[in-house]
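*Asks:* I have a structure I would like to understand better, so I am pasting it below and will then ask my questions one at a time.
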């Protein structure tokens, strides 16, 4: 393989940073929400579930535009967060936010499914052994579902790596700041004679995505084995 | 001391519970689906009744009138579920130590419990690699290690074949002697007869009153619940001597000498003998030339006329025995309360349950 140019390195580095940040910050709320949806029934549950999945079906441009309205310099949340030093507009953190929102449904879905696989009767048993609900979650439910949580995180990470529409709408395509892998590919297709560079980036992108998928599949199988108690 | 009174309402049935027991082993006895597990779940706090009170050793665990409800994880009740429910992602050792780790118990009685239940060779295994009997033993050990004030065993022998039962029964006997008080759920008359100090009959939407097994099995509803075709006498005794050459074991039943087939119980040990009322014959004079090995002089205490005959209640000192005879036999012998008779029991009719 031919060595990566400094520009490619920077694009990949930024993409990984954006995707990792997006995944890391969406994990805690994603796991909490998945737990809620898996174990409790409450009024408005269907609505909450629907809202969670909304970014999956909305045109990404619409999601990006909603983010722009909310978190832009003049958006209500943007203005609220600016004094405490959190700025999303035209910043790499904005790209991470867009990626997190787009990957969130995939994360919640995978984690929820793995929570569903954990037998609530085993959790009851933990309770009779003196585990309060939060401890029970940490010692029984989460460990049993952990490979599924990992699978969800990998999926969200892969989605974040490939996120395009919401990102370009929300934070544009600023080299070195918000121009992630897909945005860079798109920019290069707009330049005459960029085919070779496009092909290189496409191959890199395909490789990273397949790797993520394989990892998530492995995670899903591992959770089944763990719950079965054979390893 | 366990005291329970509650009204439980579920989608498909409602249920009255009222009993108290300070016995070492209290059995919840009834048919499958009668609601035995529901009563146990009420005690453990896994379900909430419409109204009710649960007290364990004087501590209020639940009182719907005052709004007291101690959460499951604070109740110190070990619950051994029928399906074991071991944690599949932990070794047997980590399963056993789960409770002590939650309560910060730095010196769990792991060695004693492992020895008590024979778990030495299982410690590093995963639950998926255990047989049904082994898994239940681990589940019992796991519950014991929380140092419970009460241990609930939900049908610990159900679904196990003969050999697997043998995996558990001896350990249950030891547990009964050395462990905490037990609330034992069963639909099998032989288990209840073998183990119970007190029996709570569960059925017809009721679980009311804890009685000694002999009294509990005396009730018509017990016969229905157990699928018995005749009443049983449940007799507590002690082995006095063995006579292997004659294939016989001598037992002392409340002061009366009794002969049973040779048993594998050490002389001096307590045991329980169960006699079907149909296997007891009566005579007015001692038939010395008959094969009955037990010819017990007794007195008729009461007579119950039933559809299937006459149940004769006999007593001799502390010993109580039931005989089911036909109405014709009763007339021939002119039986009436106070009449002296000889109760005839074949040694081989004495089923041994402990």
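Cβ atoms here come from the backbone N, Cα and C positions, even for glycine.
No curator has checked TrEMBL annotations; they are predicted automatically.
Relevant sequence annotations retrieved from TrEMBL are reproduced here:
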TRANSMEM  A:12-38  transmembrane segment
DOMAIN    A:12-214  domain 'ABC transmembrane type-1'
TRANSMEM  A:50-72  transmembrane segment
TRANSMEM  A:84-108  transmembrane segment
TRANSMEM  A:134-158  transmembrane segment
TRANSMEM  A:197-216  transmembrane segment
*Asks:* Counting CB pairs under 8 Å, which listed stretch among A:50-72, A:84-108, A:197-216 touches the transmembrane segment (A:12-38) the most?
*Replies:* A:84-108
*Asks:* With pairs closer than 6 in sequence left out, are the transmembrane segment (A:50-72) and the transmembrane segment (A:134-158) joined by 3 or more CB pairs under 8 Å?
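*Replies:* Counting Cβ pairs under 8 Å, fewer than 3, so no.
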*Asks:* The transmembrane segment (A:197-216): which same-chain residues, six or more beyond its ends, come within Cβ distance under 8 Å?
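*Replies:* Sequence-remote neighbours of the transmembrane segment (A:197-216) are 2, 8, 11-12, 110, 150-152, 154-155, 157-158, 161-162, 181-182, 184-185, 188-189.
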*Asks:* Cβ under 8 Å to the transmembrane segment (A:50-72), counting only same-chain residues 6 or more beyond its ends: which ones?
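*Replies:* Cβ under 8 Å, 6 or more out: 33, 37, 78, 81, 88-89, 94, 97-98, 101-102, 104-106, 108-109, 163-170.
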